[in-house]
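Shown next, in structure tokens, is the structure this report addresses.
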Amino acid sequence: MNGTIQAPTIEYALLSPMLIVFGAAIIGVLIEAFAPRYLRKSIHMPLTLLALLGAFATTILGGVNGLPTSASAMGAVAVDGPALFVWGIILILAFVSVLLINDDEQFVAQAAAVPGSSDEEEAVRSGYAQTEVYPLLLFAVGGMLLFSSANDLLAMFVGLEVMSLPLYLLCGLARRRRLLSQEASVKYFLLGAFSSAFFLYGMALVYGYTGTVSLKGIGDALGVVSGQETLLLIGTAMLGVGLLFKIGAAPFQAWKPDVYQGAPTAVTALMASTVLVAAFGAVLRVFWVALGGLEWNWQPVMWGIAILTMIVGAILAITQTDIKRMLAYSSVAHAGFLLTGVIATGAAAQNAKALSAILFYLAAYGFTTVGAFAVVTMVRDAGGEAGHLSRWAGLGKRSPFLAGVFAFFLLAFAGIPLTSGFFGKYAVFAAAVSGGAVPLVVVGVVSSAIAAFFYVRVIVLMFFNDPAADGPSIAVPTVGTSAVVALAAAATVVLGVFPQPVLDLADQAASALFIR
Amino acid sequence: MTTHYLVLSALLFAIGAVGVLIRRNAIVVFMCVELMLNACNLAFVTFARQHGNLDGQLIAFFVMVVAAAEVVVGLAIIVMIFRTRRSASVDDANLLKY
Amino acid sequence: MPWLSTLMAVPVLGAVGVSLVKNDKLAKQVALAVSLVVLALTVVMATRFDPSSAERFQFAEVHQWIPRFGVHYGVGVDGIALVLIALSALLVPIVILASWHDADGTGAAAPPKRSVRTYFALLLVLEAMMIGVFAATDVFLFYVFFEAMLIPMYFMIGSYGGVQRSYAAVKFLLYSLFGGLLMLVAVIALYVVAEKNTFMFPELIGAIQDPGTQKWLFLGFFIAFAVKAPLWPFHTWLPDAAAQAPAGAAVLLVGVLDKVGTYGMLRFCLELFPEASKFFTPLVIVLAVVGIVYGAIVAIGQTDMKRLIAYTSISHFGFIALGVFAMTKDAGAGATLYMVNHGFSTGALFLIAGFLIYRRGSSRIADYGGVQKVSPVLAGSFLIAGLSGLSLPGLSTFVSEFMVLMGSYERYKVAAIIAASGVVLAAIYILWMYQRTMNGPTAESVKGFTDLNARERWVVGPLVALLIVFGFFPKPMLDVINPAVDKTLSSVHVTPFTPAVAEKKGAGQ
Amino acid sequence: MQSPVEIFQHSGGVIGVSWLMIALPLLGAAVLLLGGRRTDRWGHLLGVVMSLAAFVVAVAAFVELLGLPAGERRRAISLYEFIPGVADTGLLIDPLSISFALLITGVGSLIHIYSIGYMSHDPDRRRFFSYLNLFVAAMLLLVLSDNYLGLFVGWEGVGLASYLLIGFWQFKPTAATAAKKAFIVNRVGDLGLLIALFTIWSVFGSFAYKNLGAGAVQDALAGGSLSQGTVTAIGLLLLLGACGKSAQLPLQSWLLDAMEGPTPVSALIHAATMVTAGVYLVVRSGAFFEAAPTAQLVVTIVGVATLLAGAIIGCAKDDIKKGLAGSTMSQIGYMMLGAGLGPVGYAFAIAHLITHGFFKANMFLGAGSVMHAMNDEVNMRRYGGLFTVMKITAVTFFIGYLAIIGFPLLSGYYTKEGIIETAMEHNEILGWLAVLGAGLTGFYMSRMVFMTFFGKRRWADDAHPHESPSVMTVPLVLLSIGSIGLGAYLILGNRFMKFLAPAVGLPAELPEPHIFGVGTVGLATLALVAIGAAFAWFRYGAAEVPEVAPRGSFLTVFARRDLYGDALNEALFMRPGQWLTRIAVFFDNRGIDGLVNGLAAGIGGTSGRVRRIQTGYVRSYALSILFGAAVVVGALLYVGTM
């Protein structure tokens, strides 16, 4: 026992995406501290974009250099195929969302200023901008990267928090309807903290059962340790609660509609797309790698949750009157569809199939979502964005193109062939069927038939109804926004017509499954 | 004998959880969450003792740090909404529903 | 030359062109020209089709599309597909000509003006998909077209239809979508169970052996087709959709889109799941026969022309389904021929009804009377179309209906006899409608009617001509259809029908 | 007993081109329909020419057929493949079909000519002639086709022509309704015919007469592939079809309404030709009926019932056309009776059919001529004493009258007498009923003649009767000549029976027709006819005829109301049908569609209720999370214990 501690080995090359993002985030903080206000935005913007691009590039590089066979950073992070794929999606979607965020209409001038107070007017007049959003966003993204690739529960917990905390704040920074925004932020924060406490306690119990928090360790331990099954099961349940909360599976979906509606739409876009991706990365790791041996215990429960999630999402969305709220419920339903893939485990080949299906679905869904919310940001009236569906009536006549694109996104959500959504659904359901979960798939298609109703309803509103007299105007989109819409639409088309390349990519990523 | 500690942590967690459900003041609700986190800490330390490895204790430190960060963010948010609404009651904030 | 791909590409490009043209009139002309080109190409292709050839699907093209799912871009036609493609290619230009003013808000009680270009672009897109769905030899590709087809039709009903249009459009879309999604499950399961790693139809024949699985998959496919066809009791969307859709769209909806259902039964249900098909035959036949009688009776009770025609179609789809599931050569060929003839007949009925509505601005039968006096040609063509609806001998519909009934009688006497009663009911609903609209003293509101103008004559003329020509000389079509039907039935393994006399002889030897 | 001879494939000669008989009138119809108003000026002439051309071809074919030895007088020519593997389109020229062809084209041409005059004032005369040509073509296809499918096509074709012509004055609601009724009632019969065809197909796998001869049927019966029950069913179903077309009970109701059509139509279609198609069908299907005695018996019963019903109706009608229609029903009843009596009967039936074609057409056209003169007055109570003003019409009508009541030596006498005699040998009751029918005929026809041409003038004030133009009277004359001599020519020496033999067979022992029979039956018949005529004279000749019909006895009312046939249909089919329709429509909207919409509404409602759970209170969300957590824990533990 000599006092020498050998330094941990860190695979900087592999981890560089994370490091870049975090580094950029910290620099961003420093900018907030030192750069003059009028310069900040013009520095933040390129910095953030560059950071994300760089991270993406290094992610690709990591993929090209061949995947490591063992976890990195002393087994804390597993930079494996799925991780890289998920990172890739997250980074692109984040990049896209940043283009949305770069819009003064989105964020409050000064969060500290009380709504309607004199100092808010002051802040608005002096053209302040809450430029902290950029570093916050970078932190959140970094958190996602860690969350989705963590190879032990501690790292995962840290990632979870690093991802969530900035988002709590971002939710509260809407420029219009600040009360709603702040309320969303509070709700998200309290419930998020509450759920992460569950995650933590579950982690503690699992640790108590296995004596380790590394996923690999847990997985191995399940085989050998015996007795105190209860401890393990409760632990599993609570871990599950923490994670399912993040993906908004029923009955933990309550926060989603409120938060999605209240938050600035750009942030909603970010959350709706990237958080789901990251969370599913984590879910898969925990339930397949760590708790794979417990399959027979958690699968039945997961069945129930998946079914409930699909149904609740579909049914509740039908009567929504706010477009963002409706999309929130739709994302609940989609989380349910994805869960069918999580359940479809079996032999290695089957797992790979399911995994790649989920990865493809995430990519497809993420793009469409960002696009849809981008369109939402453009439909405005006096009070800011025209959220209420009735205001969308006859949009198809006022601006056919925008309405057409939005309709296209909706059809993709509904899973109509020749859109990305269709192949996403198909892949997941196919995996589920070959995984023997046919009843689940039947529920899936039934609920997506129900879901189709409210997507179609919006189309009816936009195209078949006559415009409201004082209907909303279409904001002249910023370059960023229009770029986002274009990109999302392109992705939805391409993935809907030639999904093969992305499917291959997902297959490669999934072929080796998760490294332990 | 570590069982007692575990029971205690479970109790603390339960108290925290119940607190979140029944208290109105956002600050207090938040405190209850902190209480739940600390219950977890206790559990970690206990299990660390049980297994005779340091992971649990180490995790406890991490949790404290995270909790601290959470406090920072949480208070910021709560203060923000308190200033607009002149109330810290979580029940007042229910414009978003159905 | 990749005939089928061309047939699909031309209308798609045409649609792009039409939507780019700025001037409405020009757009219409472009659309018409494009559809005529497609028709011409189809005719040329048909002439090069060799019914006697050994290879089943001709003009076949197979390219990998999504290897990951074993999906190919696989197209090719046998006799059945060919005649249906020809039907589509023929109806589209006629519909375009007939819908000349449907979108530009003229005419009595027309819906408010909508984008004309969009309407005709949608028509062309729809045509491409209709051709695709019949040409697809890859089950997945078929499914893709099967679902995607809904969208253009949905918009055509929804934004160019009558007062109730959005209700009708949504009902149509959701109903079909629901069926389609059930089919999706079956499609997936088919792929998984067959373990052929391909969706190519020929390779999937006989791939599913286990009868239990067959039954489930059959149901998945069948319900989708039964909704599409539509078969009783999945039919209630059709009257709404057909009544609300503009006449042209209604023609394509009832004349072609719905045929995809019966076509699917014949092509996929029978061949992929022969055992299950035999197992469910009694059920299907009951549904079909009920549909025939029920549809006819409800049609008699209608007060709205388009709804009436829609219900007659429900009755007719009963005949087609009966013919498909009787699984005899005559019935099968009859059913296929029926699909085509019904396209002509119902097409003509809807379009002429459309002309009436365009003049009078109402589809209520009670608002007409004595039209024969003021516009005899309109009335005359309406009568011929109607008579084809009650399948009068000498019109092509008779041949198909006769073959269906005769072929069904070979196996299911009772069913065929009950179905035959539709012959009487058909006379009632058609002639009663004709009497109420065309005969009797001329109603005030009808006095000002003009007779069919040149454009409208060009719309009706070809249809009537085809009805009569194929009524006396159906051989050309049957020669194309028969071999295909034989192949189909041969892979279902049903014992072909032999007359009692011949049987005895066979026994004697 | 000698059965029909086999059918030979034929080529060349006139028979080889006998399809022209059908093609020419069809062409005429097409030209007139497509030509539109342009052809108004000469349209009617084209119609006549086409019909006459067909007649010429028919005669030529007839001559050529006679040139062949009796054993080869069944010539089939195949034209083209109609439905591959099912049936070809082909014609069969044999004594039976050619006699029909001659009747149709001959009488048809005369009526065409007559119509030129009769329809001269109608703006739509061209359309009328196109329909007439269409009818001739369809009727010829019906009788000339060499297979049942072709027959069915013609069968429906004449149905269409009849529909179009009854409803020719479609602006009259009564006409339109009558036309529709005729078509629909016929369809009921067609249903029977269709099913008969299916059954024949399922047994024999063919529709061609050459495969369905007596031999084939007997073999099938012997071979066991055709049960007695089946062949009886075939017979009855064919009969049902025949009843529809020939207005036999129970499908007679349409014929009287059909008189809404222009009179030439009533003469050609609803007296001379189309309505006799049922008889043709029964005779043509002799092979089946002879194998099914039950079916044959039913045929005779239907025949007798109808001949009495028709006669009774005829007795009470004041509308001259309706009266003639009733008589037509009755006479076809005689033919049907004959057709049910095997080869002997066939000959008499067809012979009566032909003579009836002449004298009934003759009388209808006469009636038309009268109406023409009385500006379309049809009520005989407003006629009377017309003999003086329109002699030709009166005389020709009178000849027709004598012929139909069976006045000795005239056409009707021989043919009707033949049927009655044969029936008598076959079954006394039927025979005597037929005799009774003859008596009734004597009464109602005399009544008609007396009310129309004799007695006091009861004309409307604005009526100025005058003889019709020669274009109308010449056909009357020609037809009346046929009404005089044709019967004797056909019957004496069994000329017609022998001629028909190749087609329908020949009975073992032939009857010996006399120029004037003195058998009991013959005398009885004459006596009854005389009584009937005398009674009619006493009631309508000598006595005053009231201008408005008296209420009349129950029997009279019964007859006026067509024996309550319509009332019966209405009670049994129409009203229930209407109810059924209403119920079905209601069920469809509320029931099935209600279910569909209800489902949608249900989901919506659920959604509306469930979303209330989302109260907006953080704490309730937290509760839901805690609750969910508890459930998950519980579930996991539960699963774990299993």
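The first residue you see is number 1, and the count goes up from there.
Using the three backbone atoms N, Cα and C, a Cβ is placed for every residue, glycine included.
Feature annotation from TrEMBL assigns domain 'NADH:quinone oxidoreductase/Mrp antiporter transmembrane' to C:136-421.
Residues annotated as transmembrane segment in TrEMBL: C:30-49 (among others).
Residues 4-5, 7, 11, 28, 31-32, 35-36, 38-39, 41-43, 45-46, 49, 51, 56-64, 120, 123-124, 126-127, 130-132, 134-138, 140-141, 191, 196-201, 248-249, 251-252, 255-256, 259, 263, 266-267, 336-337, 339-340, 343-344, 347, 351, 459, 462-463, 466, 477, 480-485, 487-488 of the same chain, all 6+ positions outside the transmembrane segment (C:70-96), place their C-beta atoms under 8 angstroms from a C-beta of that stretch. The transmembrane segment annotation in TrEMBL covers C:70-96 (among others).
Counting same-chain residues at least six beyond the ends of the transmembrane segment (C:116-135), those with a Cβ under 8 angstroms from any Cβ of the stretch are 4, 7-12, 14-16, 18-19, 21, 24, 27-28, 30-31, 34-35, 38, 75-77, 81, 84-85, 88-89, 92, 95-96, 99, 102-104, 141-142, 145-146, 148-149, 152-153, 155-156, 159-160, 248, 252, 256-257, 260, 263. The feature transmembrane segment is assigned by TrEMBL to C:116-135 (among others).
Within its own chain, the transmembrane segment (C:140-160) is flanked in space by residues 65, 69-75, 102-103, 111, 114, 118-119, 122-123, 125-126, 129-130, 132-133, 166, 168-170, 172-173, 176-177, 180, 183-184, 187, 191, 199, 201, 224, 228, 241, 244-246, 249, 252-253, 257, 260, 264, 268, which lie at least six positions past its ends and keep a Cβ under 8 Å from the stretch. As annotated by TrEMBL, transmembrane segment applies to C:140-160 (among others).
Residues annotated as transmembrane segment in TrEMBL: C:172-194 (among others).
The annotation transmembrane segment is assigned in TrEMBL to C:215-235 (among others).
The feature transmembrane segment is assigned by TrEMBL to C:241-258 (among others).
As annotated by TrEMBL, transmembrane segment applies to C:279-302 (among others).
Under the heading transmembrane segment, TrEMBL lists C:308-327 (among others). Below 8 angstroms of C-beta separation, residues 229-232, 235, 238-239, 241-243, 250, 254, 258, 261-262, 265-266, 270, 277-278, 281, 284-285, 287-296, 298-299, 302, 334-335, 338-339, 342, 346, 349-350, 353, 365, 389, 401, 403-405, 407-408, 410-412, 415-416, 419, 422, 425-426, 429-430, 433, 489, 492, 494 of the same chain, each at least six residues beyond the ends of the transmembrane segment (C:308-327), sit close to that stretch.
Per TrEMBL, the feature transmembrane segment maps to C:339-358 (among others).
Distant neighbours of the transmembrane segment (C:378-402): 309, 312, 319, 334-335, 337-338, 340-342, 344-346, 348-349, 352-353, 355-356, 371-372, 423, 426-427, 430-431, 433-434, 437-438, 449, 451-452, 456, 460, 463-464, 466-472, 474; these residues of the same chain sit at least 6 beyond its ends, with a Cβ under 8 Å from one of its Cβ atoms. According to TrEMBL, the feature transmembrane segment maps to C:378-402 (among others).
Per TrEMBL, transmembrane segment is recorded for C:414-434 (among others). Sequence-distant neighbours of the transmembrane segment (C:414-434) (same chain, 6+ residues past either end, Cβ-Cβ under 8 Å): 285-286, 288-289, 292-293, 296-297, 299-300, 302, 305, 308, 311-312, 315, 318-319, 322, 365, 382-383, 386-387, 389-391, 401, 405-406, 408.
Beyond the transmembrane segment (C:241-258), the same-chain residues lying 6 or more positions past its ends with a Cβ under 8 Å from any Cβ of the stretch are 84, 87-88, 91-92, 94-96, 98-99, 102-103, 111, 123, 126, 130, 149, 153, 156-157, 160-165, 167-169, 171-172, 228-230, 304, 306-307, 309-310, 313, 317, 342-343, 346-347, 350-351, 353-355, 357, 363. Sequence-distant contacts of the transmembrane segment (C:30-49), counting only residues of its own chain at least 6 positions beyond either end whose CB sits under 8 Å from a CB of the stretch, comprise 3-4, 6-7, 10-11, 13-14, 17-18, 21, 58-59, 77, 79, 82, 85-86, 89-90, 92-93, 96-97, 120-121, 123-124, 127, 131, 480. For the transmembrane segment (C:279-302), the partner stretch with the highest count of Cβ pairs under 8 angstroms, out of C:172-194, C:215-235, C:339-358, is C:215-235.
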